[in-house]
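So the structure is just underneath, and the comments pick up after that.
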């Protein structure tokens, strides 16, 4: 494992074991950010922030152990690396999982797997998030978990009815939905800034937004 505290870290890594790896990388590239796949210990070199994509949390946790990455993630985190977990990634980061043992346990919260129901209960909505965007933000929920409790050091970014869907502390960001499956780059931009990295000005992103939309399967998804 190579992750030195004094090394120059200006890259965002995406854990390349399962989930929307390509989609996360595309969003980061649209922001003009240096990014790469992380699949082995040497890949942590130069990584300022790591994204844990969605997928299936139990399978993802097992793959992390098989590839000997759990110690690498925890070591890099202790040395300053930021982490963002989406959907299953958020489950891995929680200190408490209803009915299960926790995995990495890096943010003080309790989470419920499949809190919104089965795959057939997946949906897309828009929500106001004035802290991050002047416009409504599209949210895609796919067999998503629900955050039921957060600790005193955790800030709620977005709450819908009686459950939390986005939260963060100084080092960790969690979203139970999939920002990488919409053209919106609001959450990727927020995470990049959290990692102390500058990105492409928003005015320069209009063309890339249109290009992403034209090839995205999400334009066919039902909206509620």
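Just so you know, glycine gets a Cβ as well, placed from its N, Cα and C.
Cβ neighbour count for residue 56 (L-glutamine binding site) (all protein chains, 10 Å cutoff from its Cβ): 16. Annotation source Swiss-Prot lists L-glutamine binding site at 55, 56, 57, 113, 142, 143, citing sequence analysis.
Long-range C-beta contacts of residue 87 (active site, nucleophile), restricted to its own chain and to partners at least six residues apart, with a cutoff below 8 Å, comprise 19, 53, 54, 55, 142, 143, 144, 145, 175, 176, 177, 178. Swiss-Prot lists 87 with the feature active site, nucleophile, giving sequence analysis as the kind of evidence.
All protein chains considered, the CB of residue 178 (active site, charge relay system) has 24 other CB atoms within 10 Å. The active site, charge relay system annotation in Swiss-Prot covers 178 (among others) and is backed by sequence analysis.
DSSP assigns residue 180 (active site, charge relay system) to a helix. Under the heading active site, charge relay system, Swiss-Prot lists 180 (among others).
Ranking the binding-site residues 55, 57, 113, 143 by the number of CB atoms within 10 A of their own CB puts 57 at the top. Of the listed recorded positions, namely 142, 180, the sparsest CB environment within 10 A is found at 142.
Distance from the CA of residue 180 (active site, charge relay system) to the CA of residue 57 (L-glutamine binding site) is 17 Å.
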